[in-house]
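*Asks:* Here it is: the structure, laid out below.
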Amino acid sequence: MRVVISIGGSVLAPDLDADRVAGHGAAVEALVEAGCEVGAVVGGGGVAREYIGTARRLGANEVQLDQFGIDVTRINARLLIAALDGLSAPSPAHDYEEAGEALRRGDVPVMGGVMPGQTTDAVAAALAEYVDADLLVYATSVDGVFNADPDTDPEAERHGRLTGAELVDLIAPMSRGAGASAPVDLLAAKLIERSKMRTIVLDGTDPERIEAAVLRGEHTGTDVVPEGCTENPDGWSR
Ligand SMILES: Nc1ncnc2c1ncn2[C@@H]1O[C@H](COP(=O)(O)OP(=O)(O)OP(=O)(O)O)[C@@H](O)[C@H]1O
Ligand SMILES: O=c1ccn([C@@H]2O[C@H](COP(=O)(O)O)[C@@H](O)[C@H]2O)c(=O)[nH]1
């Protein structure tokens with residue numbers, strides 16, 4: 001199975017704890033040992049948002065703010081690379097071609113951000129489409145896509161299953177400025193819809209949940225399924 005894992009910065013490096021990063025590296029290694037081809041994309045998290053907030057107060061424009069975010073995502077990507085113990089190329093891939101070449105060599109391509117106007121959610125969706133992945137997993141700080149922000153609305157209810165089109169409709173009204181928070185960004189949702197990519201959004205704070213979702217199809221987050229998909233394909237139970 002070929003899988004792309006998007007690891008939020010708030011999941012991988014909220015506090016630069018080496019053990020936490022090592023745990024995510026170990027999860028990626030376990031997937032590789034189980035026979036998966038894995039690509040990883042790393043987000044910027046709270047650190048990116050702090051830089052963006054400060055630069056915004058200094059008068060930077062949105063593209064400049066995105067560049068701050070991209071730089072932080074790439075530093076976080078380097079952290080994951082450091083934990084992967086030689087399984088990946090020594091630096092984050094700059095584009096999808098470089099990442100695809102790494103995958104063909106048998107390495108784990110690791111990416112951060114690539115260009116302003118999006119988030120690493122979109123990078124992960126584009127990488128998954130580019131390498132023709134079987135599965136895309138968003139390991140984020142909340143356990144799926146809800147009908148309201150679960151961080152602020154205690155009544156928020158999780159969607160267990162959505163089509164790509166439903167995901168697009170849910171995400172479309174959410175904020176889009178640099179550093180914005182949403183379970184996935186709008187471009188990512190559109191890429192998932194267009195590519196009909198099997199996608200899971202889950203709480204990835206415990207990296208073992210990522211392994212369980214990929215290897216055994218076990219998770220409590222949100223499945224995004226192609227339109228008209230009614231059955232559970234093998235290894236993709238809920
Ligand atoms: N309807 C919704 N469903 C799920 N999460 C939502 C929703 N609306 C807003 N959110 C927010 O989306 C955020 C998703 O995680 P967040 O962006 O913080 O981290 P991440 O995906 O791990 O990436 P990074 O930290 O790198 O930006 C959560 O903080 C959650 O509060
Ligand atoms: O391709 C990209 C990726 C990221 N950004 C900017 O960085 C921040 C942080 O990324 P997250 O994926 O949200 O952690 C994001 O809000 C963008 O401002 C980007 O411009 N392009």
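Heads up, the Cβ atoms here are built off N, Cα and C, so glycines get one too.
Curation does not apply to TrEMBL; its annotations are automatic.
As annotated by TrEMBL, ATP binding site applies to Gly9, Ser10, Gly45, Arg49, Thr140, Phe146, Asp149. Annotated UMP binding site per TrEMBL: Gly44, Asp66, Val114, Met115, Pro116, Gly117, Gln118, Thr119, Thr120, in sequence order. Look at TrEMBL and you will find 1-203 tagged as domain 'Aspartate/glutamate/uridylate kinase'.
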*Asks:* Per the record, ATP is bound by Gly9, Ser10, Gly45, Arg49, Thr140, Phe146, Asp149: how many Å separate the farthest pair of Cα atoms?
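*Replies:* Spelled out: the longest distance between any two Cα atoms in Gly9, Ser10, Gly45, Arg49, Thr140, Phe146, Asp149 is 22 Å.
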*Asks:* Going by DSSP, is Thr120 (UMP binding site) sitting in a helix, a strand, or coil?
*Replies:* helix
*Asks:* Can you check which residue among the binding-site residues Gly44, Gly45, Pro116 has the largest number of Cβ atoms within 10 Å of its own?
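*Replies:* Max Cβ neighbours within 10 Å, all protein chains included: Gly44.
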*Asks:* State the three-class DSSP label for Asp149 (ATP binding site), counting H, G and I as helix, E and B as strand, and everything else as coil.
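*Replies:* DSSP assigns Asp149 (ATP binding site) to coil.
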*Asks:* From the centroid of the CB atoms of Gly44, Asp66, Val114, Met115, Pro116, Gly117, Gln118, Thr119, Thr120, the recorded UMP site, which same-chain residues not already listed sit within 8 A by their CB, in sequence order?
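*Replies:* Going along the sequence, the neighbours come out as Gly69, Ile70, Thr73, Gly113, Ala122, Val123.
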*Asks:* Please identify, among the binding-site residues Val114, Pro116, Gln118, Thr120, the one with the smallest Cα-Cα distance to Gly45 (ATP binding site).
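*Replies:* Result: the closest of the binding-site residues to Gly45 (ATP binding site) is Thr120.
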*Asks:* Counting every protein chain present, what is the number of Cβ atoms, excluding its own, within 10 Å of the Cβ of Val114 (UMP binding site)?
*Replies:* 21
*Asks:* Report the largest Cα to Cα distance, in Å and rounded to a whole number, among the residues Gly44, Asp66, Val114, Met115, Pro116, Gly117, Gln118, Thr119, Thr120 that the record lists as binding UMP.
*Replies:* 14
*Asks:* If you draw a 10 Å sphere around the Cβ of Ser10 (ATP binding site), how many other Cβ atoms fall inside it, taking every protein chain shown into account?
*Replies:* 20
